[in-house]
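Below is one structure, written out as structure tokens; the observations come after it.
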Amino acid sequence: MAFQFNFSIEEDLENKLTSLDDGTCVLESQKGKQDKRQSTERPGLPRDHSWKCSSLGNAASSEDTGSPPPIADRSDDPEACKHQPSWKPAKEHVMPKDVNHVLENTVLEMLPGPQHANTAVVKTVSLKEKFPGENIVSKSFSSHSDLIPGVYEGGLKIWECTFDLLTYFTKAKVKFAGQKVLDLGCGSGLLGITASKGGAREVHFQDYNGLVIDEVTLPNVVANVPLQDDSNGKNEPDGKRQRKSEVGREICKCRLFSGEWAEFCKLVLREKLFVKYDLILTSETIYNPDYYSTLHETFLRLLSRSGRVLLASKAHYFGVGGGVHLFQKFVEEKGVFETRTLEVIDEGLKRFLMEMTFKHPS
């Protein structure tokens, strides 16, 4: 298996990390700067050892079997997610049976800082060579833009609010064990990967762009599962075979999706006995007020009644107009969710961590 680790951080404008006072390294955020090009529309395993992953989406959950909630549950209404037009049909990206090949010809780098020890991510600047020609990679880098209307929504970068939320997970000792988790607008997938490492029973990753899922999210998921040697399992001690089995389970509990939120919503709700998410994680997804209706509807339809959303955002996004206060006002007017500010980060552009829960959970 030939894949390359690169332990230095490229000083490229399109993939530049800056250090905060606490040592956290973040990418310079164009989502917080005015840019005329910004969008105004939405959105290791042993060799020769294959893992057959089956869907976990129909697993039973006691939290979703109670009496009907006072707020109408519209999950069976095919019209409910049609408030805005869809630019990207949703699809599930099937996990490869043999994930050994996922990291072939992929350049990885380690995230800096002790709080991200042993976390490897795709070096996205290397994708320019892997995908020459006209595509979202070339368009993003050539236009120096992270938001291309209806084409690309920033999934190739790790945004600074993602690191804010990762830091909060540690400080607040957020519990993931036994939870069904959605990393919404996942990009690198670091939030979902952290949940998986924390013992989540199932983790779903969603991003607007399929290429981001295939070339960034999936490799990151595979790279952060404990890798074993290349032996085929014959004549191995029982302990080693058990570890391989555990790696397989880690991979199999992850599912990956691409497409616009409303389409993703409809796709997963087609599943029989769909079990809603206990926890939805999302970072820098409220930058455009035009998306608020669809995002709110997604939370309403996919979140367990006793679940919560953990959301990270800048106070305001210049150029597109969204931000925490405008989104909170939108949520309050809807009257479905309660919002609570968990933390305010004043370094650089002001940023917020927020929790959303149902006003009437039962």
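Quick reminder: no glycine exception, Cβ is built from N, Cα and C everywhere.
S-adenosyl-L-methionine is bound by I158, W159, E160, C161, T162, G185, Q206, D207, Y208, G259, E260, W261 in Swiss-Prot, and the record lists one more residue there from S196, S283, which is S283.
Cross-referencing 230-236, 237-243 with Swiss-Prot places the feature motif 'Nuclear localization signal' at 237-243.
Contacts of T162 (S-adenosyl-L-methionine binding site) defined by a Cβ separation under 8 A and a same-chain sequence distance of 6+ are given as G187, S188, L190, L191, S283, E284, A312, in order along the sequence.
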